[in-house]
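A quick write-up on the structure given underneath.
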Amino acid sequence: MDALPFRVIIVGAGPTGLALGNMLIAANIDFVILERHKSVITESGACIMLWPHATRILDQLGLLKKGSHPQHIPLHSKIAIDHRGSQISNDPTFQWIEENHGYAPMHLIRPHLTSLLYDGFEKHRGKIKTSVYIYDIEMNETGVRVKLQDGSVENGSIVIGCDGVHSQTRNIMQKYANMAGIAIDEEPKVATYQCLYGSAASIPGITKSVFWESHGPGVATQFANLGDRSHFSLLKRLKEPISEHHVFSTEETTNFFKEIGETLITSSLKAKDLQQHCTWTRLAYQPEGSLKRWYHNRIVLCGESTTQMTSIAGMGFNTALQSAVVLANKLHKTLQSNSQPDMNVLTGVFKEYQEIRQIETQIASKLSASYVRAVTWSSCELTALPPGVHPPPHHLEYGDGVVSGKQKKVVQRDGGVSIPNSVKAMLMPFSLPPAKQAAILNGPALAPPPGVVPNLEHPPNNDLAIHIPFAVFLALVTIAVFGRMYIRFIHLKQPFIGDYLVLLGYAFFLTEYALVYRMTIVPGSFVHQWNVRMRDLTEYLHIIFISSVIYNFTILPVKVAVLLEWLRIFSPTGTRNLVFWASHFLIWANVIFYMSTVIALNVSCTPYEFIWNKLIPGNCKAVDYKLTDLSVSVFNFTSDVLILLIPQHAIWKLQMLSRKKIGVSLVFAIGLFACGAALARLVETVKHQESMDFTYTFTSVQLCSGVEMTCAFLVICVPSFPKAFQAMKESKLKSFWTSRSSQKHLRSTSGKNSGEGSWPRSHSQKFSKLRPTNGQDSSIDGHQLSSISKLKHNESAEQSLHPYDIGQAERGIVQTTDFEVTEGSQHSSNALKDPYDHHEQWN
């Protein structure tokens with residue numbers, strides 16, 4: 001039996017399926033389109049933006065009349081605002097795009113776009129079958145049999161699934177691939193955003209042909225007043241990602257309006273005011289995900305059945321249209337030399353098609369993901385950049401073309417970036433002419449408030465608010481560290497691991513100080529972002545990134561050193577008390593948390609440079625920067641409070657007067673200032689994340705971080721200060737006393753020869769430690785030590801206790817004992833052998 005002529009079965013008569021049908025008509029390839037709805041054109045109301053490369057394809061297919069489509073109203077400018085109505089940008093974006101690429105973007109609602117594509121079937125209406133639903137596909141060596149729910153069958157050579165996000169063709173293809181032992185490896189389609197889109201009557205007072213975009217925490221909106229109606233999309237970030245499909249009710253749609261009701265859509269229109277003008281709405285999840293394998297046997301997928309992305313960047317249909325062009329061109333080229341391609345040939349065609357389109361589709365998907373997270377302030381660094389700036393302009397030339405059609409001149413610009421031409425076409429919505437791009441990069445990084453003129457040459461600043469405090473921080477930390485090192489390394493000659501950790505933290509602190517000083521040069525301290533050039537923002541973000549990493553490496557060793565000090569002082573060797581367990585828990589919690597934070601910061605974006613350079617293509621889907629910053633601030637405050645409480649618990653269990661407990665507690669309570677700084681940093685971090693003025697508000701976070709790091713060093717070092725002073729004093733007294741004792745020894749020798757005593761009998765001496773000789777009563781210069789009695793705690797008899805001495809035994813606090821030494825009048829003939837050996841403490 002002779003094989004049937006090559007015939008394509010397209011599943012889905014949406015925009016992608018209809019566009020592919022027009023291409024097959026131009027290529028003279030037989031086909032049929034199967035659509036499950038009753039009508040091809042439905043009043044869905046959703047808007048689709050055609051970027052210049054998509055407009056060019058439709059023009060080549062002969063679907064555009066002279067000029068622009070009568071149902072298309074051109075957009076002239078784009079205004080971006082935040083939820084409070086403050087203007088972020090106001091640019092003739094769409095005019096720039098037309099100047100740069102030769103075609104103007106077209107803003108069409110879905111019914112108008114479908115009608116435009118359906119016009120190409122004027123002589124081929126019979127190729128579209130509606131109200132048919134496929135439930136299975138049979139494949140053999142010569143073709144396919146598509147079984148429909150009504151019992152009929154469509155025969156063809158291949159099946160192309162253009163049936164959207166919830167593709168039945170994809171489900172059938174996966175079933176057969178699994179039966180053949182081939183893993184499709186589908187990435188999970190997860191929705192992080194939901195979108196309410198629809199149409200409304202034309203709203204008085206809203207300028208026509210202006211595209212409004214509102215940015216803010218968790219919500220972004222798009223609105224355009226076109227002719228006799230308005231169109232909008234309202235996106236909201238979900239609390240938790242969702243993978244299940246859900247059809248929303250009218251009540252849920254009403255509640256959505258209530259949740260974002262106060263959000264400004266334009267400078268004068270709120271979401272709650274828009275609701276009363278609506279003529280059609282639909283609420284839906286917007287899944288993000290992609291299929292790793294687009295074909296199996298004689299089935300191949302195209303458009304949203306392969307890749308899903310959010311709608312805010314308008315890349316979905318534009319990307320699908322390019323995929324349809326590539327697939328149609330590959331089929332046309334193959335059939336010119338082989339009218340009956342076998343399975344091996346078709347597999348090669350499908351494989352080449354996927355290799356070409358998958359890379360470019362993923363780029364578009366990542367751009368959409370980055371953009372929606374930027375305008376909903378889900379990435380704090382991206383919020384620093386105004387719309388239309390990333391990525392930079394690229395040379396644009398549509399590389400693959402379509403099968404036939406007329407050619408229109410395209411203005412070409414060189415941007416010096418080596419990417420495939422069709423990828424450059426997808427980047428076009430964000431591209432600007434070089435002169436406009438240079439103007440933006442040399443202009444303010446944020447639109448100024450009304451009536452404010454940016455000062456980019458000599459921006460007002462308050463550098464002294466950083467220079468003076470950080471100079472004080474550096475001085476305090478340096479004195480504290482060197483004071484502790486003097487005691488541990490020189491006086492006691494007993495350094496332990498905590499001292500080396502302090503030195504490590506000090507080295508990182510010096511690096512952090514240098515970075516802070518660098519940020520006061522460009523852009524400066526407390527400088528409003530509208531007084532900062534856009535091109536300077538990349539370097540600023542780079543320094544902030546490095547500073548964030550160094551901050552973790554500074555605070556981590558110092559906190560661990562503090563906890564090790566608590567263990568050394570308050571937990572005797574072998575003891576498993578509360579101090580032991582609490583300190584060990586916090587040591588490992590700090591190590592794990594700060595190291596995880598450093599790793600997260602460094603793997604957060606792809607490519608790596610995109611972490612600080614938002615002017616290149618990339619995404620930061622791996623890590624939520626806002627959540628990371630907030631978690632660091634919360635962890636700092638929590639751990640600081642716990643570190644403060646650990647020694648207090650041990651101190652108040654000591655056997656000493658309450659007044660002295662308070663004194664010792666205060667020495668260890670320097671951590672109160674660290675807790676205060678951590679709390680202030682948390683508050684300033686929240687304010688910073690809610691503000692558009694990135695450069696100004698970050699300075700406050702930076703200042704609080706400096707206070708916190710300084711306090712951490714003081715907590716570990718300051719308790720050693722009195723010991724350092726005592727050591728210095730003892731060193732001077734010892735030198736002085738040695739000199740005096742030598743003189744007295746000479747006089748004593750001379751006195752003995754003349755029959756005089758060596759010690760004045762009217763004077764008494766007190767010693768830190770007495771050594772009895774041979775069990776006999778000890779006396780000093782004839783004064784009998786008549787009693788040594790253990791006393792109860794009282795203020796007159798108790799000697800001062802230095803907090804740093806608590807840990808000198810290296811075994812923890814075991815007990816404290818007070819003694820009183822009194823002199824009697826009875827003279828003893830036996831004196832101490834070494835009356836000058838009094839520099840040791842009581843054991």
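For all residues, glycine too, the Cβ spot is worked out from N, Cα and C.
Summarising the annotation, TrEMBL assigns domain 'FAD-binding' to 7-338. What TrEMBL lists as transmembrane segment is 464-487, 499-520, 540-566, 578-601, 634-652, 664-683, 695-721. As annotated by TrEMBL, domain 'Rhodopsin' applies to 484-724. Residues or ranges marked as region 'Disordered' by TrEMBL: 744-782, 815-843. As annotated by TrEMBL, compositional bias 'Polar residues' applies to 748-762, 770-782, 815-831. Annotation comment: TrEMBL describes 834-843 as compositional bias 'Basic and acidic residues'.
In this chain, the transmembrane segment (634-652) touches the transmembrane segment (540-566); three or more CB pairs sit within less than 8 A of each other, excluding pairs fewer than 6 residues apart. Long-range contacts of the transmembrane segment (634-652) within the same chain, counting only residues at least 6 positions beyond its ends with a Cβ under 8 Å from a Cβ of the stretch, are 555, 559, 562-563, 566, 569-570, 578-579, 582-583, 586, 589-590, 593, 661, 664-665, 668-669, 671-672, 674-675, 678-679, 681-682, 708, 715, 813.
Listed as Cβ neighbours of the transmembrane segment (578-601) (distance under 8 Å, sequence separation of 6 or more from its ends, same chain) are residues 545, 548-549, 552-553, 555-556, 559-560, 563-564, 566-567, 570-571, 611, 622-623, 628, 631-632, 635, 639, 642-643, 646-647, 649-650. On the 0 to 100 pLDDT scale, the model's mean across the domain 'Rhodopsin' (484-724) is 86.
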